[in-house]
Amino acid sequence: MGGKNYLGFVIFLSVLGFIGSCQAQLQMGFYSKSCPKAEQIVLDYVKKHIPNAPSLAAPLIRMNFHDCFVRGCDASVLLNSTSGNAERDAIPNQTLRGFGFIDAIKSLLEEECPGVVSCADIISLASRDSIVITGGPFWPVPTGRRDGSISNASEALSNIPSPRSNFTTLQTLFANQGLDLKDLVLLSGAHTIGIAHCPAFSNRLYNFTGVGDEDPALDSEYAANLKANKCRTPTDNTTKVEMDPGSRKTFDLSYYTLLLKRRGLFQSDAALTTNSATLNLINQLLQGSLENFFAEFAKSMEKMGRINVKTGTVGEIRKHCAVVNS
């Protein structure tokens, strides 16, 4: 091939590749022609059910987060495993809820447009809509994600931040996903509507360094209250504790106020106050308006929703969210 022809061929291929990458990006209203009612069907289902079960909003956004942090936002968290080693079997995901909620929406969408709308997009849309319906922020959800076919418990364990993560671990795990310290602070803000089970933090109450001690970074009065009224023994596995006491049903800034009072429930919450950059971000949020928090949270959620997405011809559109297509 002559030099000029070769160069032209390379440019042609580059242009093709560019067009391919443009086509394969997420876009607003991706289903507007292939399944025009898709987003409305998701929203209608959320509007019908979340007001009766508002506590499901937090598990759905948590599911979204846990999905995106392992192999990208590809609904790999929904896959079942016969051998018990899928993502949903991993310790961070054993308390996930909302699988039936996503399956019910998927059934409605399969009736409307079989094989068109991905489970990954359903997670993204349903988690956003459920937060909005319960009074939280709106964020744009571009669609066009496709579903993955691989799901490993070990990857969930190594990629999803633990409630016991220190600052360095949090920074690394977020950076691995292309998220920065601002995203870390903002996405942690979803804990404003969260609940936790005692094992996620009881070491801070009963055995922080292995000698039966409390975590000195936890407000002692708050620790005493938790021991007396919530996690009364080190082995309590069932009691649920509000992460933002007194304000759990409201998506607001009070989670950050509690952090500054040393009343963040998890070590990973308290860790946000151990670094000057994240502490500064917390103070900036508290000095700003609720509208500003909503706007900033929305940006980080949209950014998270783009992590390692499968688009174009990569991945598949699962017929049932819990199993790969045969």
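Heads up, the Cβ atoms here are built off N, Cα and C, so glycines get one too.
The Cβ neighbour count for ASP244 (Ca(2+) 2 binding site), using a 10 Å radius over every protein chain in view, is 25. What TrEMBL records for THR192, ASP244, ASP252 is Ca(2+) 2 binding site.
On its own chain, CYS113 (disulfide bond) has TYR31, SER34, CYS35, ALA38 as residues at least 6 apart in sequence with a Cβ closer than 8 Å to its own Cβ. For CYS35-CYS113 (among others), the entry in TrEMBL reads disulfide bond.
In this view, CYS73 (disulfide bond) is surrounded by 28 other Cβ atoms within 10 Å of its Cβ, with every protein chain counted. Residues or ranges marked as disulfide bond in TrEMBL: CYS68-CYS73 (among others).
The disulfide bond feature in TrEMBL is assigned to CYS119-CYS321 (among others). For CYS321 (disulfide bond), other Cβ atoms within 10 Å of its Cβ number 22.
Marked as disulfide bond by TrEMBL: CYS198-CYS231 (among others). All chains included, 24 other C-beta atoms sit within 10 angstroms of the C-beta of CYS231 (disulfide bond).
The domain 'Plant heme peroxidase family profile' annotation in TrEMBL covers 25-325.
According to TrEMBL, the feature signal peptide maps to 1-24.
For ARG62, the entry in TrEMBL reads site 'Transition state stabilizer'. Listed in sequence order, LEU96, ALA190, GLY194 are the same-chain residues six or more apart from ARG62 (site 'Transition state stabilizer') with CB atoms under 8 A from its CB.
Summary: among the recorded positions (CYS68, CYS119, THR192, CYS198, ASP252), the fewest other C-beta atoms within 10 A of the C-beta are counted at ASP252. CYS68 (disulfide bond) sits 13 Å from CYS119 (disulfide bond), taking the Cα positions as reference. For CYS35 (disulfide bond), the number of other Cβ atoms no farther than 10 Å from its own Cβ, over all displayed protein chains, is 18. Between the CA atoms of CYS73 (disulfide bond) and ASP252 (Ca(2+) 2 binding site) there is a gap of 26 Å, rounded to the nearest whole number. With respect to CYS321 (disulfide bond), the closest of these binding-site residues in Cα terms is THR192, chosen from THR192, ASP244, ASP252.
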